[in-house]
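Annotation comment: TrEMBL describes A:R214, A:240-241, A:254-258, A:271-278, A:N292 as FAD binding site. Among the features that TrEMBL reports, domain 'Electron transfer flavoprotein alpha/beta-subunit N-terminal' is placed at A:5-191.
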Amino acid sequence: MANEIWVVIERTAHGDMAGVSKELLGKARELADANGMKVGALILGAGIGDLAQVAFSYGADTAYVVDDGALAQYTTDGYVGTAAALAKKYQPALILTGAGFQMRDFSAALAAELDTGVAADSTNVMIENGTVSAVRSSHGGNVINTLTFAPGRTAVVSVRKQSFPEPQANPDRSGAAVTENLPGVPMRAKVVSVAPKQGAVNLSDAAIIVSGGRGLGSPENYYKLIPPLAEAVGGAYGASRAIVDAGWVPYEHQVGQTGKTVSPKLYMAIGISGAIQHLAGMRSSRTIVAINKDPDAPIFRVATYGVVGDANEIVPLLTEEIKKRTGR
Amino acid sequence: MHIVVCMKQVPRDNSVKINADLTINADGIEQIMNLFDEYAVEEALQWNEKLGGKVTILSIGPEDWKEQIRRALAMGATDSLLLSDPAFTNLDTFGAARVAAAAIKKLGDVDLVLCGRNSTDDETGAFAPALARLLGWTQLTYVGKVVTLESGRIVAERHLEEVVETVEASLPAVVTVVKGINEPRYPSLLRIRKVAKVEIPTWSAADVGLSAADLTPRLNLVNRVPPPPRPKGEIIEGKDATEKVARLVDKLMEAQVI
Ligand SMILES: Cc1cc2nc3c(=O)[nH]c(=O)nc-3n(C[C@H](O)[C@H](O)[C@H](O)COP(=O)(O)OP(=O)(O)OC[C@H]3O[C@@H](n4cnc5c(N)ncnc54)[C@H](O)[C@@H]3O)c2cc1C
C-alpha cells in the first residue's frame, strides 16, 4: 500500500477547480504531513489545462492526469473504470471525493470495484497508526457514526462540502505530473445532452438560507416574503416539505430528510414547525433563526434566536431593517 | 421486461435510540416503506403497464418486512422475494448489495433494477452503485425521468444539483430514482385483500450461495453517538414587532452572520 492520499478533483461549470476539491486538498495535506504521507490529485477529464498546477498550489505532491475526449462528460463507466485502474496500479491508502450527486455515484462504485467500503457524505476523516476512519451522520443527523476501514484496503471517503476550511493557495508550490492513458473500459452509457436546470439552486453551497413553511399561508405570501429576505441577506431560499408537496415551491428547494441536507452559517426558518424530518436537514446550521407564531413550536428548541410572532408582520420589517443596516 | 425493485423498510421518523452495542433501536417507531423506494415501485408499475412482464419486489430483512412487501404488492407488483437470514442482521451497505446481487443473479432474467436514491435511515446512497458494479451492469443514479425503456436500452434524465443530463445506456441496468419522478399510487383496497395471504418466497444466505465471509463488513462501526446538543437559544423579546426585529438584527450583526 503506497503512502498516498488521493483527492479526486472536481470542476465547476466554468472548468475551474471546485471549492470542495480545494478543501479536500487542504485536509489531505494536513493528514499527509501528520502521518509521513504524500498527496496525489486524480484529475480526469478532457482539456484539463493547468488543473495539475492548481492542485500543486493547494497542496498536492503528484497529479495523476488522464486527459481524454472519452472523459469529457462524467459517466460511471469512464470515470470509475479509469480511477479503479489507476488505484490498482498505485494503491493509495485513501481516496477522498466530494459528496455531490456525481461523486456519490462515483465513490460508491469505485469502492465496490476496489472491494472496499465507502464512508459516504462524511464530515471528518482521520488517520491513526495507519488506520483510516471517517465520521458520518445517519438517521437525519440524529446519529453520528465513526467508521474504521480494514487495514490493507484502500479507503474511499466522500466528504460533504464545507467540512474543512479552504486552504490558502501557494502558486510557487510545484509537484510531479504523471500522465496516464485511458484504460480499456466498457462504456455502456453515453451522455446525450446536458441542460441547465430551471431555477436551479445549490442549497448545499449557500452560506445563508431563508426557508419558509406552511405558516406563510399561501404561495403568494411565500414569494412576497421569502425571496426578498433571502436577497437582503445574500442567501438562497428553501422550503419545508409541506409546501413543496402542496406545489408552492419546486422540490429543489426542499430542506430535510427527504430533501437537501444543509449546514449554512445562517438558517432562517419562517412559519416552519420544526418537525423532526425538517430538523434532519438543517440542525447542523451554525446559527438558526426561527420565526413562528406558536411559542411552543419545536423549531424553537433548536433555534439560536427565536421570534414569536406573525411572519406576515415580522418578515417585511426584518427585510427592511437588514437592508437599512447593511446598505444592500 | 422483468423489473426488480429493491425496497427497504425504515422508521417513519428518525428519533431512534442507540443501544449499548451500538445497534439502532427504533422501538415504538412505525415502520414504513423508504420514501424514495415508493417512487421506484411506482415507476416500475407504470413501465410494467406499458411493456408487460413482471415486477419483483426484493427486500433484505427480517420476516416482519413482509408487511411493506405486501404494500408494494397491493400497489400492483406481481412478484416478491424476501432475503432473510440471521446472518443478514447487521449488514453494512455493501453486504446488502452482495446479498441482492447474488439473488438477482439467481433470478437470472432481470432487465432492470430500480431503487430509491437512498434510504432515509442509513443515507449512504451507496447500495445501488455497489449492486451495479457487483452485477457488472450499467448504473444510472438520481433519475428524475425515464424517457425510453425498451429491450436492451434505456434513455433517462439524471437530475443533478444544477443540470439535467440525458443519458442513453444499455440494459441490464441499475437505476436510482429521485422524489418527483412520479406520484406513487395508494394500494387499492381490493388488492390489499387479495395479497393478504400471498406466499412471499424467502431465501436464506445458503439459498443465494453466500457464506459468512462474503458478508464481512468492509467498514467497521467503532462508535455511534447522538449529535452534540445545540447551545441553548434565546427568544427575542420586545414591546412590538419593530423592537423585536431591531434586537434580532443587532444579534445577527454582533455574531457577524449577516
Ligand atoms: C417520511 C417523511 C419524510 C419527510 N421529509 C421531510 C423533509 O425532507 N422536509 C420537511 O420539511 N418535512 C419533511 N417531512 C414532513 C414533516 O413531518 C412536516 O410535515 C413538515 O416539515 C411540516 O412543514 P411545515 O413546518 O411547513 O408545516 P406545519 O407543520 O403546518 O407548520 C407550520 C408552522 O407555521 C406556524 N405558523 C402558522 N401561521 C403562522 C404565521 N402567520 N406566522 C408565523 N408562523 C406561523 C405554525 O405555528 C406552525 O409551527 C417528512 C415526513 C415524512 C413522514
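Just so you know, glycine gets a Cβ as well, placed from its N, Cα and C.
Please treat TrEMBL annotations as automatic predictions, because they have not gone through curation.
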(request) Let me know the model's mean pLDDT on the domain 'Electron transfer flavoprotein alpha/beta-subunit N-terminal' (A:5-191). (result) 96
(request) Could you check what DSSP calls A:Q257 (FAD binding site) once collapsed to helix, strand or coil? (result) coil
(message) Just to confirm: which same-chain residues, 6+ apart in sequence, have a Cβ under 8 Å from the Cβ of A:A275 (FAD binding site)?
(response) A:S240, A:P298
(request) Sort out for me which one of A:R214, A:H278 has the most neighbouring CB atoms within 10 A, since those are the binding-site residues we care about. (result) A:H278
(request) Return one of helix, strand or coil for A:A275 (FAD binding site), based on DSSP. (result) coil
(message) Return the residues near A:Q254 (FAD binding site) by Cβ distance under 8 Å, restricted to its own chain and a separation of at least 6 in sequence.
(response) A:G238, A:A239, A:S240, A:R241, A:V244, A:K260
(request) Return the residues near A:Q257 (FAD binding site), defined as same-chain residues 6+ apart in sequence whose C-beta is under 8 angstroms from its C-beta, sorted by sequence, else 'none'. (result) A:G140, A:I276, A:Q277, A:H278, A:A280, A:G281
(request) May I ask you to pick out the binding-site residues among A:R214, A:Q257, A:I272, A:H278 with a CB closer than 8 angstroms to chain B's CB atoms, ordered by sequence, or 'none' if no residue qualifies? (result) A:Q257
(request) Check A:R214 (FAD binding site) against DSSP and tell me helix, strand or coil, would you? (result) helix
